[in-house]
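Visitor: Sharing a structure here in structure tokens format.
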């Protein structure tokens, strides 16, 4: 293949895609595992969920990038995983959570087929949606602080590495912290009786028959759908638009929705358009020639498939972690999302009180009737907004 004088080697977009997948996965896989454990998954089921998500990310990204010749990347729902981690026990256990994941995928597909649903989601005030997410994230982001107080020798090196890299190379801050955490886990596990066998490091899918309950649909599926739409899909479209790419909305929603449904019985919670990591493949740094940046996304998809082979090893590493280590990594990975959510929640002065009420209900972990706090936070915020909102003055008077 000949390269013109102004054209970068093909290794440039390929390398950008590899970086996109590595940064996207290593920055948040601990959050995903924590979320799956939070709604009742066993270690084997959580490892299966991570495997399913990796495979689906790879396949969906490759299909969208190749078909539309755009740097469209697909990610798992990190805010959604945080929502799961902060949820109370689901009525019906893990099978009910799997059923909720299926419903979320169906809602994604309906969104692609019926534009009115995305319009309806868009009518939820941004401060309310962001406050709900911030409230869900707060306990998870407090975990590194409590962990370093209780286990300074194992947690402090992780936080110190993250803080230094946040100053020098922000993109690599969380991946580097994970590397330090892995070293801490290996050192702590040296000489222990619980050394993993080779069989434990081989990824295995675990099938769970979905169980559908109204509590899980209302308490998990709907909040997971709203959080993913508001924090991933809609921002992902905006990021791509900033680089002059128009995301094919219907195919993207149908593919990610179908992928979510297919992955749910194996433990995957949700896949969606990438938001923050989308810029890694769509920016000029991925390739000066915007017509070739789809190669970066396709390369990211291939890398996700390769990383899927390591999913069981990642999950095993988490099970061997000393107390506080996984919580620390997951917490620092979510701090940027918490910061942007808090900023969005208080941006509009006339929406601050309803937003704060939403935030407090979500952060308190309030649940009733088997429904998680995320749903009740939305209800509380919308009710407070309706009560406190003053009608606009009539200009004719």
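Each residue, glycine too, has its Cβ placed from N, Cα and C.
Copying in the features that TrEMBL gives for the protein in this structure:
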- 46-65: transmembrane segment (TRANSMEM)
- 72-90: transmembrane segment (TRANSMEM)
- 96-121: transmembrane segment (TRANSMEM)
- 133-166: transmembrane segment (TRANSMEM)
- 172-192: transmembrane segment (TRANSMEM)
- 212-232: transmembrane segment (TRANSMEM)
- 252-282: transmembrane segment (TRANSMEM)
- 294-318: transmembrane segment (TRANSMEM)
- 324-346: transmembrane segment (TRANSMEM)
- 358-388: transmembrane segment (TRANSMEM)
Visitor: What stretch in 46-65, 72-90, 212-232, 358-388 has the biggest tally of Cβ pairs under 8 Å against the transmembrane segment (133-166)?
Guide: 358-388
Visitor: Restricting to the same chain and to residues at least six past its boundaries, which positions have a Cβ under 8 Å from a Cβ of the transmembrane segment (294-318)?
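Guide: Sequence-remote neighbours of the transmembrane segment (294-318) are 10, 13-18, 20-22, 24-25, 29-30, 33, 43, 46-47, 50-51, 54-55, 57-62, 64-66, 68-74, 182, 185, 196, 200-204, 280-282, 286-287, 326.
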Visitor: Going along the chain, which residues at least six beyond the ends of the transmembrane segment (72-90) come within the CB cut-off of under 8 Å?
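Guide: Counting only partners 6 or more residues beyond its ends, the transmembrane segment (72-90) has Cβ contacts under 8 Å with 20, 24, 28, 31-32, 34-40, 53, 56-57, 60-61, 64-65, 96-97, 100, 104, 133, 136-137, 139-140, 215-216, 219-220, 223-224, 227-228, 231-232, 240, 245, 247, 252, 255-256, 259, 268-275, 277-278, 280-282, 294, 297, 300-301, 330, 333-334, 337, 362, 365, 367, 370, 372-374.
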Visitor: Near the transmembrane segment (358-388), which same-chain residues lie under 8 Å Cβ to Cβ, leaving out any that are not at least 6 residues past its ends?
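Guide: For the transmembrane segment (358-388), the list is 83, 86-88, 90-91, 124-125, 128-129, 131-136, 138-139, 215, 218-220, 222-223, 226-227, 345, 351.
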Visitor: If you count every Cβ pair below 8 Å, which range out of 46-65, 96-121, 172-192, 324-346 shares the most with the transmembrane segment (212-232)?
Guide: 96-121
Visitor: Mind checking which residues of the chain, 6+ beyond the ends of the transmembrane segment (324-346), have their Cβ under 8 Å from one of its Cβ atoms?
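Guide: Result: 27-28, 30-31, 33-34, 78-79, 82, 85, 126-127, 130-131, 133-134, 137-138, 140-144, 146-148, 150-151, 154-155, 158-159, 162, 173-174, 177-178, 181, 184-185, 231, 276, 318, 352, 355-356, 358-359.
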Visitor: For the transmembrane segment (96-121), what are the same-chain contacts with Cβ under 8 Å, counting residues 6+ beyond its ends?
Guide: 39-41, 80, 84, 90, 208-213, 215-217, 219-222, 224-226, 228-230, 233-234, 249-254, 256-265, 267-270, 272
